[in-house]
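Asks: Sharing a structure below in structure tokens format, with a few things to ask.
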Amino acid sequence: MVFEISSVVSKLQMVSTSDHSSVVSMNLFVALLCACIVIGHLLEENRWMNESITALLIGISTGVVILLFSGGKSSHILVFSEDLFFIYLLPPIIFNAGFQVKKKQFFVNFMTIILFGAIGTLISCAVITLGASQIFEKLDIGPLELGDYLAIGAIFAATDSVCTLQVLNQDETPLLYSLVFGEGVVNDATSVVLFNAIQSFDLNHIDPSIALHFLGNFLYLFVASTMLGVLTGLLSAYIIKKLYIGRHSTDREVALMMLMAYLSYMLAELCYLSGILTVFFCGIVMSHYTWHNVTESSRITTKHSFATLSFVAEIFIFLYVGMDALDIEKWKFVSDSPGTSIAASSVLLGLVLVGRAAFVFPLSFLSNLAKKSPNEKISFRQQVIIWWAGLMRGAVSMALAYNQFTMSGHTSLRSNAVMITSTITVVLFSTVVFGLMTKPLIRLLLPHTPHHKEINIVIATDASTPKSATVPLLGSAQDSEVDIDPIHRPSSIRALLRTPTHTVHRLWRKFDDAFMRPVFGGRGFVPVEPGSPSERNGHQWR
């Protein structure tokens, strides 16, 4: 009996010690997040640094300190987790990107974005897979199967859309931001779908039907994921417009928008769809309808709340990756042959460069053939920036690599350890070096001219985007139709083909005004507030 009591007491002490260690770890991590924000603010005007690189370098520095204090046993206070990344950190980042994106610029370039994000990812994956399979056999890395090489292609074809938000400015370079970030969202979704397809297919019996099956599966996932995001966004708009929740509590409006956004992502994961695409399009729909249905205080709150959650999640990811990069357990497997790991990293980095160039320039050429106006075409200098800005690899590549080459977060084979350390090296090098050089490259190739300012003024008048809201937050001046180009009604099929995007946009606006906004609200809708003239007169529309 005494032995049982002492055993229980010892277990309780162990639990208490574990809880205390967790509290210490979280305190340290929160303090590091605060340090990242402060240092990022001090470096705001620096032409080289951004918050992502700052957090990454602070994470690496902290990892070195922990490694020294622990006697070389550990370098992190938290362990990299795919679930933490995909379930908690990625959704607010992607949602806020859709919520803040300038929709007109995004949809005008929609076909180019899909071309880059879907077809381009497949081309990049094929180049990286073929190159790795030919070169890695000569490096004597270890036993890698066909599925591993295909997985390597999917892992390193995934661009870092999070870092793109840091290095490109939506107002200064709207076209580049729209293309690179839009491609990054579709690219991430395509890479994850491709990676999951590789794991689910029987690669021992390859036949032509696999390609058709994958294409059909991808189209289904893209359409279904997009529709789920749109429907969830419309449902939130209808509920808030119909129930006038803001009459009693703006907190409920804000909470409902946040929960519906997160629900869209989790529903997509539950249905084996692409949560990235779903939550992105949910953000677009919510910014177009739901955001205009809530009270003015809720608009301000939601705009800043979503931006804050996204900002903290971004810093968390890069700090997390930086600290985990020095995990001694991963590096001890390759310590006897560091040259092999360096060679593998160099090969992968070179394949990333070649794989991206293999689709950016040819697909840009094809995209330009379909555009009649010279102003709409992607210049060679812009193509170079698109190629360069998409070279960064980040947490998506890390998460997929851990999924493929580790068991419960641990590596047990030398070949797997080489791939994990090579992935870490590529992520760190591409984020720091390519990230540092992106802003100076933009300034060099695209110097800021009055012409660009004029374009930015036109784009900035898209009042349906929360980020462009000014004081008064939603005054009648901001709700005007100034963002619609003065395109005349096409008088022939030739005219329709000459300006297809403008024509489709004009037709969509007519349909939106006639059918969608009366049901789901949106720009021009005035929420009912207690004691307001709208409530007394029963008016809902200006």
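Backbone N, Cα and C atoms are what each Cβ position is placed from, and that goes for glycine too.
Small disclaimer: the values here were computed from a predicted structure and weren't measured.
The transmembrane segment feature in TrEMBL is assigned to 20-40, 52-71, 77-99, 106-129, 218-240, 261-286, 306-326, 347-365, 385-405, 417-437. According to TrEMBL, the domain 'Cation/H+ exchanger transmembrane' annotation covers 31-442.
Each of the listed features needs to be described in terms of its position in the shown structure.
Replies: Away from its own ends, the transmembrane segment (20-40) comes close to residues 50-51, 54-55, 58-59, 62, 77-78, 312, 315-316, 319 of its chain (Cβ-Cβ under 8 Å, at least six residues beyond either end).
Sequence-distant contacts of the transmembrane segment (77-99), counting only residues of its own chain at least 6 positions beyond either end whose CB sits under 8 Å from a CB of the stretch, comprise 25, 28-29, 66, 161-162, 165, 181, 185, 261-262, 265-266, 269, 275-276, 279-284, 286-287, 291, 306-307, 309-310, 313-314, 316-317, 320-321, 323-324, 395-396, 398-399, 402-403, 409, 466.
Listed as Cβ neighbours of the transmembrane segment (218-240) (distance under 8 Å, sequence separation of 6 or more from its ends, same chain) are residues 118, 189-190, 193-194, 197, 246, 253, 256-257, 260-261, 263-264, 267-268, 271, 273-286, 288-290, 293-294, 519-522.
Panel annotation: around the transmembrane segment (385-405), residues 80, 82, 85-86, 89-90, 116, 148, 151, 154-156, 158-160, 162-164, 167-168, 173, 176, 179-180, 183-184, 187-188, 191-192, 195, 317-318, 320-321, 352-353, 356-357, 360-361, 364, 378, 411, 416-417, 419-420, 423-424, 426-427, 430-431, 434-435, 437-438, 441-442, 445-446 of the same chain, lying at least six beyond its termini, place a Cβ under 8 Å from a Cβ of the stretch.
Within the chain carrying the transmembrane segment (417-437), a Cβ under 8 angstroms from the stretch's Cβ atoms is held by residues 48-50, 52-53, 56-57, 60, 141-142, 144, 148, 152, 155-156, 160, 163, 166-167, 318, 321-322, 324-325, 330-331, 333-334, 340-342, 344-345, 348-349, 352, 388-389, 391-394, 397-398, 401-402, 404-406, 411, all 6 or more beyond its ends.
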Asks: Please indicate, using numbers and ranges, the residues of the same chain that are 6 or more beyond the transmembrane segment (347-365) and have a C-beta under 8 Å from a C-beta there.
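Replies: Long-range Cβ neighbours of the transmembrane segment (347-365): 112, 115-116, 119-120, 123-125, 127-128, 131-132, 135-136, 139, 152, 156-157, 378, 383, 386-387, 390-391, 393, 422-423, 426, 429-430.
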